[in-house]
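Written out below as structure tokens is the structure these notes cover.
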Ligand code: RP5
């Protein structure tokens, strides 16, 4: 395990190919915040800023990062490139794209060749939120308070469904 100063510690790295992805990727950031999990979010591109991406990942690992969430649109190779730089778990979020509504992003993110895995979530906000929940599940393996928070989250979610009522017919 990396020995980090607790104040400096960032358990989760959230990276996206462009600031235009933030509307989707902020759902991952919000989920980390809600669970009290430290994170750092950056817009860094696999093809426009490859050196900065690698440098940021190195600095994240020095600060105790345990997993990365990577979101990109179109020819979405960002998550795969992130995975190539580390043995930490990588969660990929396909960003909805203008012409193909994110189907291109999904295929580019999910179809990694054998040997470098990217665990790919659903296209869009739900995928971003679930990527954070997946990371939190991994972190909860060694953190009982996080485990309790995850259980409470599920209970609350179930209760919301039970309480929901269908609208009256016109
Ligand atoms: C990808 O291209 C980004 O992840 C983004 O989803 C898409 C468009 O980027 P911008 O043109 O908005 O910067 O690299």
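The backbone N, Cα and C atoms fix where each Cβ goes, and this holds for glycine too.
Curation does not apply to TrEMBL; its annotations are automatic.
Under the heading domain 'PurE', TrEMBL lists 10-161.
What TrEMBL lists as substrate binding site is 18, 21, 48. Taking Cβ-Cβ distances under 8 Å and a sequence separation of 6 or more, the neighbours of residue 18 (substrate binding site) in its chain are 43, 45, 72, 73.
TrEMBL lists 67-95 (among others) with the feature transmembrane segment.
Annotation source TrEMBL lists transmembrane segment at 115-141 (among others). Remote same-chain partners of the transmembrane segment (115-141), defined as residues 6 or more beyond its termini with a Cβ less than 8 Å from a stretch Cβ, comprise 11-12, 24-32, 35, 37, 66-67, 69-71, 79-80, 83-84, 89-96, 101-103, 105-106, 109, 147, 149-150, 153.
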Are there residues of the same chain, six or more positions away from residue 21 (substrate binding site), whose CB falls under 8 angstroms from its CB, and which are they? 43, 71, 72, 73, 95
Cβ distance under 8 Å to residue 48 (substrate binding site), same chain, sequence separation 6 or more: which residues? 17
Would you mind sorting out which binding-site residues among 18, 21, 48 put a C-beta under 6 angstroms from ligand 1? 18, 21
